[in-house]
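Colleague: Starting off with a structure, shown below.
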Amino acid sequence: MGGNVGQLGTHTCKSLAENDPSDPVEPPRRPTGNLIMHSMAMLGREFCYAVEAAYVTPVLLSVGLPRSLYSTVWLLSPILGFLLQPVVGLASDHCRARWGRRRPYILTLGILMLSGMALYLNGDAVVSALIADPRRKRIWAITITMIGVVAFDFAADFIDGPIKAYLFDVCSHEDKERGLHYHALFTGLGGALGYLLGAIDWAHLEIGRVLGTEFQVMFFFSALVLALCFIIHLCSIPEAPLRDVSKDISPQQAPQDFPLSSDKMYQYGSIEKAKNHSVNPELALQGEKNKNPAEQTRKAMTMKSLLRALVNMPPHYRCLCISHLIGWTAFLSNMLFFTDFMGQIVYHGDPYGAHNSTEFLIYERGVEVGCWGLCINSVFSSLYSYLQKPLVTYIGLKGLYFMGYLLFGLGTGFIGLFPNVYSTLALCTLFGVMSSTLYTVPFNLIAKYHREEQEEKRHQAPGGGGDGDGRGQGLDCAVLTCMVQLAQILVGGGLGFLVNKAGSVIVVITASAVALVGCCFVALFVRYVD
């Protein structure tokens, strides 16, 4: 056993020497194929999001959902996500599952997404087959469909935080940036494929006749894409568990002079794996060996520790969260009402007219064209995520962040002031710029902040040191993602009233104004790390 430990120690020193000397716990560089496999989760997630955007309203209308319950459906999921996301982020930071810290949560939320889709796309058909009484059938169909929509939205919104934290845990700093660009690329690609699939008239095709209705066809393709993408994602990069292997190695056999901070290993490090795919025991053991009971009690996952971590969040983290909230509020304000804007303002249709009237048919045509605009947004989001790589070397993250908000604010303002079919579709490309920016730049900054903190702690306490506020990358990614849910709450609770009073055009103008305010905020208050 002593000889084996010596060999492991040699391998550890060799691996650390090969990495960046300024960050000795930095994981090894990952091949491009692994990063692409890791990004497949974003393709599957966004594909299902696009299917929901295309079909959830027709589904809710088909089961007879009362208008009074619409706000409940759209607000319940983001409220739950806003309240629970930091809790799950903190829980994943301290998860000791043998499969890793993040992947158990990703798998669970992926299954919940699939279950939610099954309920809202197939619930009406299942209830109709089981219940004959029309009144009971309507009540059960509405209940199951609502549960499905809320469960899907909750899981799909929630899952972004663990996916980003998983990427940050297992990748070097350079690979984190590359991985985020691939995430944005496949997010746009998944959205485009989902919108294109929703535009096909499945009722007149053989698969539509075999499966029954277009809702069942969409569930078949969505479930297939989601399952394949998440299987590939979960098998992409090995994740080392926090559960150490010190139970198999006595403390006397472990080296006593390993020059790394135990808290850093516990909190941030993706533990280096040996070539035989076993966890390196020295790194895991050192993380436990230097901890005393008081420190372990302080690290315990409690609501008190969660609130303390959030309250003690550094000011630059709070500014980044505020800028993310402003960006998503502007983006969602436009995207959620864009098809209605196309139907009413650009095409001058009437959604409340008789279904066989010319005004209603014109409105439906506008909605269809609006869906093509959203497809353009997704395609250009993928293209722009690829262009970000060379752009960041010239203008930096600050330039990318500022340009995304500025172009979106100017584009939506022009659309609101001068509504025209062709100019609106052309300016949908700027929506893609904003989408790609929101999916990459804030998380890039989170990664840079954490790297800076690790270096500062290592310089201040070379022989050890604790993480004073109990925050980890999972919690910070979760808090940042919470801003999306908070934006949904603000948009769902406030803009519905504005639409009823002033029409869809006020939403586009509001989105433009909020984005331009965001330009000033990201330029003046967000801190950027070189």
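Note that Cβ sites are derived from N, Cα and C of the backbone, with glycine treated the same way.
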Colleague: Pick from 40-63, 424-447: which range does TrEMBL record as transmembrane segment?
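Modeller: It is 424-447 that TrEMBL annotates as transmembrane segment.
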Colleague: The transmembrane segment (399-418): which same-chain residues, six or more beyond its ends, come within Cβ distance under 8 Å?
Modeller: 323, 327, 330-331, 334, 388, 391-392, 424, 427, 430-431, 433-434, 436-438, 440-442, 505, 508-509, 511-516, 518-519, 522-523, 526
Colleague: Can the transmembrane segment (104-123) be said to touch the transmembrane segment (217-237) if we require at least 3 CB pairs below 8 Å and skip pairs under 6 apart in sequence?
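Modeller: As far as Cβ distances go (cut-off 8 Å, pairs 6 or more apart), the transmembrane segment (104-123) and the transmembrane segment (217-237) touch.
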Colleague: By a Cβ-Cβ criterion of under 8 Å, what residues six or more beyond either terminus of the transmembrane segment (505-526) are in contact with it?
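Modeller: Same-chain contacts beyond the flanks: 316, 319-320, 322-323, 326-327, 329-331, 333-334, 337-338, 341, 345, 398, 401-402, 405-406, 408-413, 415-417, 419, 434, 445, 495, 498-499.
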Colleague: Determine which recorded stretch among 71-92, 180-197, 217-237, 424-447 has the most C-beta pairs below 8 angstroms with the transmembrane segment (139-159).
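Modeller: The stretch with the most close Cβ contacts to the transmembrane segment (139-159) is 71-92.
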Colleague: Honestly, do the transmembrane segment (180-197) and the transmembrane segment (217-237) touch, with at least three Cβ pairs under 8 Å and pairs 6 or more apart in sequence?
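Modeller: Yes, since the transmembrane segment (180-197) and the transmembrane segment (217-237) share at least 3 Cβ pairs closer than 8 Å, they count as touching.
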